[in-house]
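The block underneath contains the structure these notes are about, expressed in structure tokens.
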Amino acid sequence: MTENDDHQLRVSKIQNGTVIDHVRAGQALNVLAILGIDGSEGEEVSVGMNVPSDRFARKDIVKVEDRELSQDEVDVLSLIAPDATINIVREYDVVEKHRVDRPEVVEGVLSCPNAGCITTDDEPVTSRFEVLDDGVRCAYCGTIVREGIASLIDT
Amino acid sequence: MEGLKGNAGAYTNEMRHDHLITSKQLSRGDIETVLDRAAEIDEDPSAVADRYADTLLGLLFFEPSTRTKMSFETAMKRLGGDVVDMGSVESSSVKKGETLADTVRVIEGYADALVLRHPKQGAAQMASEFVDVPLLNAGDGAGHHPTQTLLDLYTIRENAGLEDLTIGIMGDLKYGRTVHSLAHALTNFDVHQHFISPESLQLPREVVYDLHQEQDGTQIREHESLEEILPSLDVLYVTRIQRERFPDENEYQKVAGEYQIDTDTLEAASDELTIMHPLPRVDEIAPEIDETDHAAYFDQAHNGVPVRMALLDLLLGGDDGGVRDD
């Protein structure tokens, strides 16, 4: 039995939607947070955590029924799951497969953790972060965040 | 910044109007252009006395300021122009809850350029995205203060030169925006920078990250004591350690005392050492040093006028005689 068959057994197949594979182990719930998925809409969600993987020792996998990701969502996903693959599934078949690309800038999705930053005031400004090799940097105050980026997601 | 626009013919070609938000945007060429122009103006201020007779500079100071605000006002008036001043926050619409974005959009309708000081980091960057007139950052929280940097560089160039320079920057390096801006700008030159502070007030890691991007790591050193490095310094740039940065008075007194200098401290220093301070000082430089040849801080404050005149000339000026062309 291949690795793929193995985890397919653990996490059920979906008919239509998105499979986010090769998520770094431990990040699956953050992926759901980015997508704003908490189950309250009744969508069918399957999560595999610490699944054996050829590429990493362990990985997480997220399957979401009836949901295809926007480019903005993929951009932010890339910050916490840079190795993820996005599989678009229609009628049980993978019809598109993408690797995520790290964008140069992410706008409007993260909030700056620096309480002294102008973007934390009640100003009509959209947050903007430059993406570094190992983190993100606020375009306004210059604060660099390397750990805990998922906690900055503006939901 | 891709350049500052020049009024005199020699400066015009590669330059254009822009905002001045951080010293990171200044190239060596930009800096030298401003300093050279400042030197010309210092030499003969009358040559530019009426150049900007119809120009109004908008002053928006959301925090107290003496030197920066008065020297901008003096600079604009010595260029023949005038200022419109928002006044204190207490007496303005800000008190009614107006956003900074709205305030700058209103005042740009009254003025040809804006000078902004604000307690929040990134305020000048954000404000500049809402206006078309040049906006100069006069301090944004613990962020940047690039016009102070230009007058600091002018003072360093006059006293010690900007090549093969060893500078010590001491005091509150964490919150000191003049320090952040100066350190970035100095990476354009052949300078060894030594940062001296208590551990709790070291340079923000963001600034260290930037400095290492720009310069060989051996040219950037951090220390907790002045003693080990003082003899090698050409310039010592002192900043104030603020009481409110410490949990209690005892802790403050203990730390601040280690970063104060007097004539005894300077026995180990070079005779040529130049001492600078962005002012105001409290007790970090003993008054007895004022009378020595080391002291350059009052000249430094005076240099704010020709340097800001030069900067305004370069930002406002052009072949069209001061009318913006973009």
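Cβ coordinates are placed from backbone N, Cα and C, and glycine is handled just like the others.
Residues or ranges marked as domain 'Aspartate/ornithine carbamoyltransferase carbamoyl-P binding' in TrEMBL: B:19-158.
Here TrEMBL flags B:ARG67, B:THR68, B:ARG117, B:HIS145, B:GLN148, B:LEU279, B:PRO280 as carbamoyl phosphate binding site. Cβ neighbours within 10 Å of B:ARG117 (carbamoyl phosphate binding site), excluding its own Cβ and spanning all shown chains: 23. The secondary structure of B:ARG117 (carbamoyl phosphate binding site), as reduced to three states from DSSP, is extended strand.
Residues or ranges marked as L-aspartate binding site in TrEMBL: B:LYS96, B:ARG177, B:ARG240. Long-range Cβ neighbours of B:ARG177 (L-aspartate binding site) (same chain, at least 6 residues apart, Cβ-Cβ under 8 Å): B:GLY139, B:ASP140, B:GLY141, B:ALA142, B:GLY143, B:HIS144, B:HIS145, B:GLN148.
What TrEMBL records for B:164-314 is domain 'Aspartate/ornithine carbamoyltransferase Asp/Orn-binding'.
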Are there any residues in the same chain, six or more apart in sequence, whose C-beta is under 8 angstroms from the C-beta of B:LEU279 (carbamoyl phosphate binding site), and if so which? B:ARG67, B:TYR297, B:GLN300, B:ALA301
Inter-residue C-alpha distance, B:THR68 (carbamoyl phosphate binding site) and B:LYS96 (L-aspartate binding site) (nearest angstrom): 26
Excluding its own, the Cβ atoms lying within 10 Å of the Cβ of B:PRO280 (carbamoyl phosphate binding site) add up to 9
Could you tell me which of these binding-site residues, B:ARG67, B:LYS96, B:HIS145, has the greatest number of Cβ atoms within 10 Å of its own Cβ? B:HIS145
Name them in sequence order: residues not among B:ARG67, B:THR68, B:ARG117, B:HIS145, B:GLN148, B:LEU279, B:PRO280 whose Cβ is within 8 Å of the mean position of the Cβ atoms defining the carbamoyl phosphate site. B:SER65, B:THR66, B:ALA138, B:GLY139, B:THR178, B:PRO278, B:GLY304
Cα of B:LYS96 (L-aspartate binding site) to Cα of B:ARG117 (carbamoyl phosphate binding site): how many Å, rounded? 19
Cα-Cα separation of B:PRO280 (carbamoyl phosphate binding site) and B:ARG240 (L-aspartate binding site), in Å? 8
